[in-house]
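These features come from TrEMBL:
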type	residues	note
BINDING	199-203, 240-247, 338-340	FAD binding site
DOMAIN	1-86	domain 'Photolyase/cryptochrome alpha/beta'
SITE	TRP271	site 'Electron transfer via tryptophanyl radical'
SITE	TRP325	site 'Electron transfer via tryptophanyl radical'
SITE	TRP348	site 'Electron transfer via tryptophanyl radical'
Amino acid sequence: IGALRWHFLLQSLEDLQKNLCQLGSCLLVAQGEYEAVLRDQVQRWEITRVTLDAETEPFYKEMEANIRRLGAELGFEVLSLLGHSLYDTNRILDLNGGSPPLTYKRFLHILSLLGDPEVPVRNLTAEDFQRCRIPDSGLAESYRVPLPGDLKIPPQNPSPWRGGETEGLQRLEQHLTDQGWVANFTKPRTIPNSLLPSTTGLSPYFSMGCLSVRTFFYRLSNIYAQAKHHSLPPVSLQGQLLWREFFYTVASATPNFTKMAGNPICLQIGWYEDAERLHKWKTAQTGFPWIDAIMTQLRQEGWIHHLARHAVACFLTRGDLWISWEEGMKVFEELLLDADYSINAGNWMWLSASAFFHQYTRIFCPVRFGRRTDPEGQYIRKYLPMLKNFPSKYIYEPWTASEEEQKQAGCIIGRDYPFPMVNHKEASDHNLQLMKQVREEQHR
């Protein structure tokens, strides 16, 4: 987890602390290994019940099992509640039975049998919070939200994204005011290189638990009910929430989901190991402005549009560099504010054509893809200022400008900005043949 996500988490905790204080309660933050912390706190506070989110990731499944063992030993009840996802993935898998691997179409059919997601039995009230014991101020200080310095991360946070429920709800309301946009939203029509997010930008708030997916799901349902026509899954806004559920469900049932080896749904590919090329991709030094601008935005802000993610993922894997999707997944895990075990790995397998997606002949061009929606290159000019003075006809391929034109733009290719690290046409053609060969061999 990188510094930007740490800042987002700390801001989220500060916001939660402030909102709880307004309800007459407070937030106590205890740091350390969870078993040691629980042993200490259970005895210190005479705790009789521990509640936690029911999660699908292996780490959290193991954690819940350990906490239950600890509860049996120390005499506290453990209450595990479904909160982070819309549905209980185990129920979906039970209905799928012994069928072949779950497809999105089959998944939607199963959800139609389950009906709408369940809602909590009741919401907590202000009175519930006021019944909580509030420690004296001296004790509360030892349980305060950590500061960046406590975690040895930089105090400055360059990202424009601010963590917390308050910010998440404001963003939600802002998007839901335009009911026409909500009803007609289709994911493929959004713009990957707009200077402001052309999607909702709510994913970091769902990922960190600042915003309830149920709140969003039912608010969308109300808007759809009032619209004469609205878009449908998989491209609608509700469809995006269901993609999230789909990846959670598949991940919960797939061993080694974040790895190629030992992963039963993943194509086994002999990817190249090339630390230098991987470093150039990660540090925005590929020589393709569209790709480097995306990787710069990712590092500076912690968020990029889903189609921008598609472009850089394809470039790293089957498109140009033939480097394993696991390496790209690790970079996204570190840098994305909305990094998520199931969705991150699922999308990387998809975009590398290792699982789910089989139209592997469709390769994103690192020049034409960005130019289609931003021909003037404003996005590149923002994130790669060394290229900002190039005429629009060269902004996606600055190496094609003459030496004199490069001097006029104040940027010499090969000195101030790198030449392309590969010939895209040659690399993508070669990789396409490799992918065909791999798939044919493993199909046989």
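Think of each number as a place in line: the chain as shown, counted from 1.
Any Cβ shown, glycine's included, is placed from N, Cα and C.
TrEMBL feature annotations superimposed on the structure.
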residue	record	Cβ contacts under 8 Å, 6 or more apart
THR199	FAD binding site	LYS187, THR190, HIS305, HIS306
GLY201	FAD binding site	TRP161, ARG171, TRP303
SER203	FAD binding site	TRP303, LEU337, ASP338
LEU241	FAD binding site	LEU86, VAL213, PHE216, PHE217, LEU220
TRP243	FAD binding site	TYR104, PRO234, ILE343
GLU245	FAD binding site	SER85, LEU86, TYR87, THR89, ILE92, PHE107, LEU111
PHE247	FAD binding site	SER342, ILE343, GLY346, ASN347
TRP271	site 'Electron transfer via tryptophanyl radical'	THR317, TRP322, ILE323, SER324, TRP325
ALA339	FAD binding site	ILE1, ARG5, SER207, PHE332, GLU333
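Non-local contacts of TRP348 (site 'Electron transfer via tryptophanyl radical') by the CB criterion (under 8 A, 6+ apart in sequence, same chain) comprise ALA313, THR317, TRP325, GLU326, GLY328, MET329, PHE332, SER354. Mean pLDDT of the predicted structure over the domain 'Photolyase/cryptochrome alpha/beta' (1-86): 94. For TRP325 (site 'Electron transfer via tryptophanyl radical'), the number of other Cβ atoms no farther than 10 Å from its own Cβ, over all displayed protein chains, is 26. Taking DSSP states H, G and I as helix and E and B as strand, the domain 'Photolyase/cryptochrome alpha/beta' (1-86) has 49 helix, 10 strand, 27 coil.
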